[in-house]
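**Q** One structure coming up, written as structure tokens, with questions to follow.
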Amino acid sequence: MIVEPGPLLAAIDSPDDLKKLAPEQLVQLSTELRDFIIDSVSIYGGHFGASLGVVELTVALHYVFNTPHDQLIWDVGHQAYGHKILTGRRENFPTNRRYKGMSGFPKRSESPYDAFGVGHSSTSIGAALGMAVASDYKGEFDRQHIAVIGDGAMTAGMSFEAMNQAGVLNNNMIVVLNDNCMSIDPNVGALKEYLTDITTSRTYNKVRDELWNVLGKLSKFGPNPQQIARKVEAAMKATLMKQSNLFEALKFRYFGPVDGHDVQHLVTILNDLKSIPGPKLLHCVTVKGKGYALAEKDQTLWHAPGLFDKITGEIYKKVPTAPQPPKYQDVFGHTLVELAEANDKIMGVTPAMPSGSSLNIMMAAMPTRAFDVGIAEQHAVTFSAGLATQGLIPFCNIYSSFMQRGYDQVVHDVALQNLHVVFCLDRAGFAGADGPTHHGCYDLAFMRCIPNIVVSAPMNEQELRNLMYTATLPENAGPFSIRYPRGEGVMPEWRTPLQRVAIGTGRVVREGEAGGVAILSIGHIGNYAVKATDALAAEGFSVGHYDMRFCKPLDEEMLRDVAHRYRAIVTVEDGCLPGGFGSAVLEFLADHGFQLPVVRLGIPDRVVEHGTQDELYKECGFDAAGIAQAVRELGAKVTADSLATVLR
Ligand SMILES: Cc1ncc(C[n+]2csc(CCOP(=O)(O)OP(=O)(O)O)c2C)c(N)n1
Ligand SMILES: CC(=O)[C@@H](O)[C@H](O)COP(=O)(O)O
Ligand SMILES: [Mg+2]
């Protein structure tokens, strides 16, 4: 189905076309842009509420600034659909987030208007500052640098690290704070409360009105940035000094709060800000999901709802014909509550992903024992370390790719002190449509090189439950990592009794013929190996399959048996090949003098783009067909090699 743009939007192929419109037309354009986003996301999917909330901001920013010469950086980038539509990519929306199609996030290789590649949050201010400093260094003093950042993303340390530097430099940059009081779930923390206080404070509203009166009068006398800036400063000092302002304290000039849905007012303000030198912050108040009533009402559900009927609001779900396996995240959420009911030391921690991780189940059941710490992965890890020093057992649940942010804390705060923190790394392996920023490729590799830590991955729901239980036992009171992928497992009946797993032991899934090929897998991807061995068995090819379960410590006894029994090994992991599980197996074999051939299947050493998980497994050769083919080829090779040896 083709989504038809309204007449004004249809005429816009780039921001140059937008600039031909009269300011009064921007309201109509915003309506058309919003309709186009609603139509497109309902049919093709993607992130929803965030883009609806910044429609007017997007129009105003591209109307006022000379993009891409002026650099516009979207934080996270899940709100940039309007930006993509106005910058020549309207017709690409049928391919949004699809295999080989348009990325769901701004991406430098996709468009010159995408000034910075994003997906992870809280990078925009630092990137904009770097660009601003570079512009000044190169003598490009006419360039503007604009970071658009949400109130959720603002809570991260990175944002404050960047503002801390920007505040004492005089580079030309504007931070647009898009404050909708929401992260994916409701935003949390003292900063959120502070922003709400400013928004509702009478003093600030008075300041805002006075300020813009001053600016309005000044602009009649023509553009004289220094003069305007000095007068604005004086006006602000007179009023703002009466009440401290966090951003002012960081030496940003603070403007707002303003209505982020008043497009014409935004145009006026942004035009004024253009001529004020130095770091500035414009605080815009917006509504996530604006213009689609259901999305305004349940903002978490409509953050990324999947396909839906835009008239009825029905979100399409597959109707199951038989009991379905649960999502791993839900097995985590329910099992954690079950464990915590039996053990009062257990706590839960998530950096801003209560719904995505299903920690919200524990937050509802045990509000004093489960914490959303905001978008703050580093802090989530160190906070967990602090809890652990006091004898508690925190389950710190972080998406694998976001854990990249908390790596030093895992090493320095947890592992070096051998603290009992359980890391549950959700979305490990290919994330799917979110693409390379969100694929959890590296955790097996970056966890297994850390001393003291146990690195594990369950092949199914029962294994996840058992590993979680095992991780709480006193004999395992050190760092313990459990990784599992996005989506469903394989066991509709998953509420199995909790059983202890011996650390560093694998499971025999299928015995193969001696002298043949063995598959060693880790984690959920082992289920694809099961399909491969079934297919091979049907061809009369007997293959062994071992679910190794632990990447560290490896099951050395099992590896020795395998190395003696089989003539070749295929390793399979939904993680990067350099340094990952296959590498660990190779290290073991080399260290112990085994010389059998090994083929490693996993995520290659290149950027793998977005697509469904199955499309990406196939592309990288470790879907069931790819695994079976690797076994056939290796089997044929070792047979040919041994024949050649006999003949020699
Ligand atoms: C480092 C990191 N942690 C977590 C996320 C997941 N995430 C994506 S959007 C989002 C909420 C962002 O809230 P805000 O910046 O206020 O934007 P809004 O969705 O409200 O427009 C979160 C937690 C992420 N992308 N990056
Ligand atoms: C933009 C972002 O980082 C999140 O919205 C992410 O897309 C959520 O991923 P899940 O859908 O896997 O929870
Ligand atoms: Mg927000």
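Keep in mind that glycine also has a Cβ here, set from the backbone N, Cα and C atoms.
Annotations in TrEMBL come from automatic prediction, not curation.
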**Q** Check TrEMBL: it lists G119, H120, S121, G152, A153, N180, Y292, E377 as binding thiamine diphosphate. Then name which of H78, H334, H420 it lists for that same site.
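**A** So the thiamine diphosphate site in TrEMBL includes G119, H120, S121, G152, A153, N180, Y292, E377 plus, from the candidates H78, H334, H420, H78.
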**Q** Would you mind checking how many other C-beta atoms are within 10 angstroms of the C-beta on E377 (thiamine diphosphate binding site)?
**A** 28
**Q** Under a threshold of 6 Å between Cβ and any atom of ligand 2, which of the binding-site residues H78, H120, D151, G152, N180, E377 are retained?
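**A** Close enough to ligand 2 are H78.
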**Q** Whole-number Å distance between the CA of H120 (thiamine diphosphate binding site) and the CA of D151 (Mg(2+) binding site)?
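**A** H120 (thiamine diphosphate binding site) and D151 (Mg(2+) binding site) have their Cα atoms 14 Å apart.
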**Q** Test of understanding: give the count of other CB atoms lying within 10 angstroms of the CB of H120 (thiamine diphosphate binding site).
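**A** There are 22 of them.
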**Q** Of H78, N180, E377, which is closest to D151 (Mg(2+) binding site) if I measure between C-alpha atoms? They're all binding-site residues.
**A** N180
**Q** Return the count of C-beta atoms lying within 10 angstroms of the C-beta of N180 (thiamine diphosphate binding site), excluding that atom itself.
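**A** Total other Cβ atoms inside 10 Å, all chains included: 23.
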**Q** Taking all residues of the domain 'Transketolase-like pyrimidine-binding' (326-492) together, what is their mean pLDDT?
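**A** On average, pLDDT over the domain 'Transketolase-like pyrimidine-binding' (326-492) sits at 98.
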**Q** DSSP three-state call for N180 (thiamine diphosphate binding site): helix, strand or coil?
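**A** Where N180 (thiamine diphosphate binding site) sits, the three-state DSSP reduction gives coil.
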**Q** Enumerate in sequence order the binding-site residues H78, H120, D151, G152, N180 whose Cβ-atom distance to ligand 3 is under 6 angstroms.
**A** D151, G152, N180
